[in-house]
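Data first, discussion second: the structure below is written as structure tokens.
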């Protein structure tokens, strides 16, 4: 939940056709057969006859730390009755497991020191020197290479988790989900391995989206170009020639007629969808109890969702998408679009001196500082970019039309709608800020921060659920609150 406060004379009501519960969705997750594991390391001696019982029998003279058996937990969702029943492998950008177990080491005792000096051969693919000491992977017990997706893991578990999430893989355990994960069993049971990854704190939202990867490449390219320009300047380039070249590039960078029409259409829809100013004024002018503050914030969020639905319906090409894809895009982007709109209001719409007052009132609404601090940090980082309303509108549309949302059936169709928006945004950045070639990459980089807020929002929902806070039917629908 986040704070929405913007001027709108007439908030719009959501169309009945968009009241669609998550239980009505056709969850189409590709079923993938587990690949047969192959031992990557060559061993000196023959393996034992029974690999299931003695997987390390070739190492008779070496002592290994004992693995603490991990008890498979039942579905967390079914225990709290918070979200609909889904497989544990299922992830959605707006819905995450709400419990993250601490990355505790699975090993009891200390490894015995061998007096004979032994030179260890580095694992292939491991990043030597990234961590101190012989830290162990919290998933399988192999040598860890660093913190990957929020957990200390080896390169193998890092790659396995990334592939499993990006491909929406669904695995099946032959032992009823009771496998004890170690370096041998990780090759035999992918379901238990993926579950162990999640139990140890690995987060799906830490994976970069296609847009975020593009942002990283842009930052790298910009740095290379900047270094090259400095080198050329040091060799005697005339400063006036550089200024002339910059001016020439700015003149050549302009929107095509089709891009101008697209931008006008987006801006017309974005500017019409505003939230009632009286809610914000009420929140700032009067001081309420924590419960009353929560009710006001709920009203703001409801108004935001109504505005978001209307804006989304008017995005060019959105109505041509499959109906289930439309709902998946709307639900998947609701939290991110909400935070982005709030950042615009925080940086541009609030009167001078009201930002600190707003933060103070929100902290008194019962929301933990654990969520409020990164939220306002994000608002301030966005304000530093000095974004125009055109950039806010385009970035919001890009967030909504993200082809990597869960349960999108026709990702190519969504990507075709998103690409023209990215092109227009990139050109606008060159036109408005030619002296700052990194501006476009910085805008896309904010999408990385937005993805992390999905998890914060899920945690907030859980804490409010425990405290028996009530939500409007619209928020229950869009956030899948039962």
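Numbering starts at 1 and runs along the chain as displayed.
Using N, Cα and C of the backbone, Cβ positions are placed for all residues, glycine too.
The SUMO1 cross-link annotation in Swiss-Prot covers 132 (among others) and rests on similarity to another entry.
Look at Swiss-Prot and you will find 137-157 (among others) tagged as zinc finger, backed by sequence analysis. Look at the zinc finger (137-157): DSSP puts its residues at 3 helix, 7 strand, 11 coil.
According to Swiss-Prot, the feature zinc finger maps to 173-197 (among others), an assignment based on sequence analysis. Residues in the zinc finger (173-197) partition by DSSP class (helix H, G, I; strand E, B; coil) as 11 helix, 0 strand, 14 coil.
As annotated by Swiss-Prot, N6-methyllysine applies to 216, with the evidence given as similarity to another entry.
Per Swiss-Prot, compositional bias 'Basic and acidic residues' is recorded for 229-240.
Annotation source Swiss-Prot lists region 'Disordered' at 229-253.
Positions annotated as domain 'NR LBD' by Swiss-Prot, on the basis of sequence analysis: 258-482.
Residues or ranges marked as SUMO1 cross-link by Swiss-Prot: 285 (among others).
The chenodeoxycholate binding site feature in Swiss-Prot is assigned to 341, 371, 379, 457. For residue 379 (chenodeoxycholate binding site), the Cβ neighbour count at a 10 Å cut-off comes to 21, with all displayed protein chains included.
Positions annotated as phosphothreonine by Swiss-Prot: 452. Counting only residues at least six positions away in the same chain, the Cβ atoms of 205, 206, 374 sit under 8 Å from the Cβ of residue 452 (phosphothreonine).
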Per-region confidence, the domain 'NR LBD' (258-482) (mean pLDDT, whole number): 81
Largest inter-residue Cα distance among 341, 371, 379, 457 [record-listed chenodeoxycholate binders, Å]: 17
Fewest Cβ neighbours within 10 Å, where candidates are the binding-site residues 341, 371, 457: 371
